[in-house]
């Protein structure tokens, strides 16, 4: 029996519907309900938030399907779930469960260090991380319907997400003034599919939404990423590792929506309690940096 494959247009359209919103990591039904009540446009169901995955070490895998099912049954908003890079079976299991999106995620331990998933062979849309236009174009070429910055997950440190978003946007701007000969050379330099780069030039932007992720910990962090051109925000550990998850969740959603209302952001940031404890990126070894996973 042949597989039913969703079209790029449909998958990208589904992701476009989340634009301007916040997607929150949750580990149980209770957290999912808090996220939905705060105004999250979707939730990411996983066994442990990135900061706990980082602290535990070892091999991080797809969440217990029971956790994913509990979250799916608890909320009416879309539910995403993470699978390991290159792990075909984890992705097929999540697709069979009926999740709305799969995140082929560097937060989990990669199953394949050479190949990412062929995402255009799935019906369910995929979201993937990127640090630059080469990574973005390769994931789009494989069928990703949504992108996000890799940032540095589980650190509460926004600096890498800022770096990645600025780099992608700068490379897109550069591409828009190139002729076809130059685009072919750029494709070679970036290791990117030529046709994807031509599509980006024609549109003047990425053909899929690109959210900020990896280090968002405060309302101001979320607003900053929107200011820099993100289409929305993922918050991993920043909500439920803070002192007041409900307050942080609501404040981050409002700051994302009203990211240029600086007076409001100041008000939203008052008396929230302590944000999650942050990590200095410079003190992480190359092996400890999740953003280095994938290619």
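Every residue, even glycine, has its Cβ placed from backbone N, Cα and C.
Since we're looking at a predicted model, the values are computed, not measured.
Note on residue 82 (active site, schiff-base intermediate with D-ribose 5-phosphate): other Cβ atoms within 10 Å of its Cβ, all shown chains, come to 30. Per Swiss-Prot, the feature active site, schiff-base intermediate with D-ribose 5-phosphate maps to 82.
DSSP gives residue 236 (D-ribose 5-phosphate binding site) a coil state; it is part of no helix or strand. If you look up Swiss-Prot, you'll see 25, 154, 215, 236, 237 marked as D-ribose 5-phosphate binding site, on the strength of sequence analysis.
Under the DSSP three-state reduction, residue 166 (D-glyceraldehyde 3-phosphate binding site) is assigned to helix. Residue 166 (D-glyceraldehyde 3-phosphate binding site) is surrounded by 13 other CB atoms, counting those within 10 A of its CB over all protein chains shown. According to Swiss-Prot, the D-glyceraldehyde 3-phosphate binding site annotation covers 166.
The two recorded residues, residue 237 (D-ribose 5-phosphate binding site) and residue 82 (active site, schiff-base intermediate with D-ribose 5-phosphate), show a Cα separation of 15 Å.
Neighbour counts of Cβ atoms within 10 Å were compared across the binding-site residues 154, 215, 236; the minimum falls on 154. Cβ packing within 10 Å was compared across the binding-site residues 25, 237, and the lowest neighbour count falls to 237. DSSP gives residue 154 (D-ribose 5-phosphate binding site) a coil state; it is part of no helix or strand.
The residues near the D-ribose 5-phosphate site, meaning same-chain residues not in 25, 154, 215, 236, 237 whose C-beta sits within 8 angstroms of the mean position of the site's C-beta atoms, are 49, 50, 51, 107, 153, 155, 156, 214, 216, 235, 238, 241, 276, in sequence order. Across the structure, residue 25 (D-ribose 5-phosphate binding site) and residue 166 (D-glyceraldehyde 3-phosphate binding site) place their CA atoms 24 angstrom apart.
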